[in-house]
Amino acid sequence: MANSNRRSNRRARKILKSVATYVAVVVTVGFFIFPLFWLIATSLKTRAQAFSTPPLFIWEPTFRNFIDIFLKRQTEIEAITGQELELATGAEIFFFNSFVVTSFSIALAIVIGVLAAYSFSRYKPLGTNTLMFFILSTRMLPGIVVAIPIYFFYRSIGLYNTYLGLILLYTMFNLPFAIWMMKSFFDDIPKDIEQAAFVDGSSPLRVFRKIALPQVSVGLGATIGFLIINVWNEFLFALLLTERTTRTVPVLIASTRGEVGINWGLIAAIETLYILPALVLIFLLQRYLLRGMTFGTVRGGQ
């Protein structure tokens, strides 16, 4: 009888532990998912519904905000808030700017960063440790510290309000991270295969392209993912160094307000469209991002 009671108690404790674990997981996931749900829900509400108190959890969804952005439909409220209309109906320009700046800056940072990381890992030039420390320390410099000097410098050399200015700046800020990240992956790869290829007469470029680079595809995918997220969400320099023709979506979101208040539904619609590429990217690169963050740890423990 006593043994039966102990087994029942253990079973009950196990069930309670499982239930508590599931509840904790659901609460944690809900804590992170709810803001995304509320953002999408707000984008499907009218201005009055978005401002309703208490908040509406059951309502008739409308795509009016999305239509106003891309079809440039002027409503009565937008006619009153002229600034809001101007910003909203020009949203496609901001999305295009974000895509151009992100694509080219990441491409430059990856190409230069991968080549530099491979050189530091394999050829180890004089003062490699000092150079790596200097490169990584520049990444730790707060952007706000250099914002004003860069603003005046860009003004003086004609890079203010240009795609090239933002692309070069984002490349410079992301390059240290790309070098540091990729070097750690190259360091974890055995050199035996590369040395055998050199003995067979392969050129350094061929060894890099055919042997070394495929072995760090996980790290390359993770690095690209992190860099794209950094550039896609950058706000400070996009606001400081550009005007309307070259500004990106984060600046649009911060500026979308009219004379009679903020149209939260319109802002939520813009934000919903803006986060879609990031969500798709995370979904496609999740395997690389997760393996990239644990690759060095796993290798070190083997």
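Placed from the backbone N, Cα and C atoms, the Cβ positions cover glycine too.
Just so you know, TrEMBL annotations are computer predictions that nobody has curated.
Copied over from TrEMBL, here are the features:
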- 20-41: transmembrane segment (TRANSMEM)
- 93-118: transmembrane segment (TRANSMEM)
- 95-285: domain 'ABC transmembrane type-1' (DOMAIN)
- 130-154: transmembrane segment (TRANSMEM)
- 160-181: transmembrane segment (TRANSMEM)
- 216-241: transmembrane segment (TRANSMEM)
- 261-285: transmembrane segment (TRANSMEM)
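Ranked by number of Cβ pairs under 8 Å to the transmembrane segment (261-285), the listed stretches 130-154, 160-181, 216-241 are led by 216-241. Proximity of distant same-chain residues to the transmembrane segment (160-181), defined by a Cβ-Cβ separation under 8 Å and at least 6 residues beyond the stretch ends, is recorded for 97, 100-102, 104-106, 108-110, 112-114, 116-117, 120, 132, 135-136, 138-139, 143, 150-151, 154, 219, 222-223, 226-227, 230-231, 234, 237-238, 241-243, 245-246, 248, 292. Listed by sequence, the residues of this chain that lie at least six past the ends of the transmembrane segment (130-154) yet keep a Cβ under 8 A from its Cβ atoms are 120, 160, 165, 169, 173, 175-177, 179-180, 183, 236-237, 240-241. Sequence-distant contacts of the transmembrane segment (216-241) (same chain, six or more residues past either end, CB-CB distance under 8 Å): 98, 101-102, 105-106, 109-110, 113-114, 143-144, 147, 150-151, 154, 159-161, 165-166, 169-170, 173-174, 177-178, 181-182, 184-186, 189, 247-248, 250-251, 254, 277-278, 281-282, 285, 287-289, 291-293, 295.
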